[in-house]
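Asks: Just passing along the structure, written as structure tokens.
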Amino acid sequence: MAELLRKWKENKLFKVVFAVAGIMSTLVVYGVLQEKIMRVPYGPRKEYFKYSLFLVFCNRITTSAVSAGVLLASGKALDAVAPLYKYGIISVSNILTTTCQYEALKYVSFPVQTLAKCAKMIPVMIWGTVIMQKKYNGRDYLLAFLVTLGCSLFILYPAAGDISPHSRGRESTVWGVSLMLGYLGFDGFTSTFQDKLFRGYDMEIQNQIFYTTLCSCILSFTGLILQGNLLTAIDFVSRHNDCFVDISILSTVATISQFFISYTIRNFGALTFATIMTTRQLVSILLSCVWFGHPLSVQQCVGSVIVFGSLYAKSFLRSKPRQLPSEHAENRASSPLRANA
């Protein structure tokens with residue numbers, strides 16, 4: 001039984017399912033809490049929490065403490081494996097990603113958010129070409145475009161009469177759209193550079209998380225001091241206990257999700273992570289429709305077929321064995337037609 005369990009854990013399918021389940025479950029909770037904190041007023045005076053950088057600081061200091069504890073508990077040293085500036089690059093990019101995402105919630109409508117979040121695969125492919133010299137062909141870009149299109153159709157076009165909480169979106173502004181574009185660019189760079197660091201160094205997941213989040217703590221704390229928002233944010237949280245609870249849960253979930261994200265990038269690469277992040281929105285809404293008996297619109301059915309058809313085609317084409325040049329030459333040499341020529 002133990003041997004069977006060990007083989008199952010080493011199975012690639014198990015690792016993929018583990019990564020997908022972990023990312024989807026934690027980020028669903030993370031997304032709900034993030035939107036609640038930034039968009040729902042607290043207290044009888046209906047005060048809004050406006051300090052997005054404080055949320056970044058709380059998330060990162062929690063993650064840093066947990067990753068350090070895991071390293072020490074496992075008897076592993078806290079020594080940096082890569083040069084510190086490389087951890088710092090990931091940290092800066094990650095802070096910019098999170099800040100753009102938080103701030104954009106104040107300015108953009110749901111369609112703009114959806115289109116941005118569904119387009120994650122494309123910037124990852126662009127950064128992969130620039131940073132890691134990866135080569136993608138037209139088929140890869142076509143599949144990424146189809147997944148983005150399918151998810152957008154599914155989420156933006158609910159069935160007639162179906163009440164969507166996202167239909168009451170606010171108007172988009174130029175600043176809001178710029179923030180979402182910044183979010184896309186920085187997010188793609190962050191995961192790609194993490195992938196590059198994992199491939200370039202023999203690095204534990206906890207090691208990268210610890211140093212990256214430690215740098216993020218220092219940067220976000222410095223930013224709060226320079227903005228003069230640290231004490232203001234602490235005062236707000238101290239006056240609203242429900243906000244303190246929300247931020248505590250958000251930081252805990254953010255820590256767990258960070259481990260799943262790093263696990264996925266280390267084992268499968270940045271593009272697979274972007275694919276999971278893109279399709280998780282479709283899957284979560286599809287499950288909601290099935291669970292609550294909501295009808296699917298024609299556009300949603302078309303979007304589902306496009307997404308899952310594209311992902312299936314991608315898996316099929318990648319699993320198809322390619323003939324090596326030497327084998328191809330041997331086959332040509334041994335061909336009866338070739339011999340009789």
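Cβ coordinates come from backbone N, Cα and C, glycine included.
Caution: TrEMBL annotation is automatic and unverified by curators.
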Asks: From the ranges 118-135, 172-189, pick the one that TrEMBL records as transmembrane segment.
Replies: 172-189
Asks: State the non-local partners of the transmembrane segment (13-33) in its own chain: residues 6+ outside its ends, Cβ under 8 Å from one of its Cβ atoms.
Replies: 246, 249-250, 253-254, 256-257, 259-261, 263-264, 267-268, 273, 276-277, 280, 283-284
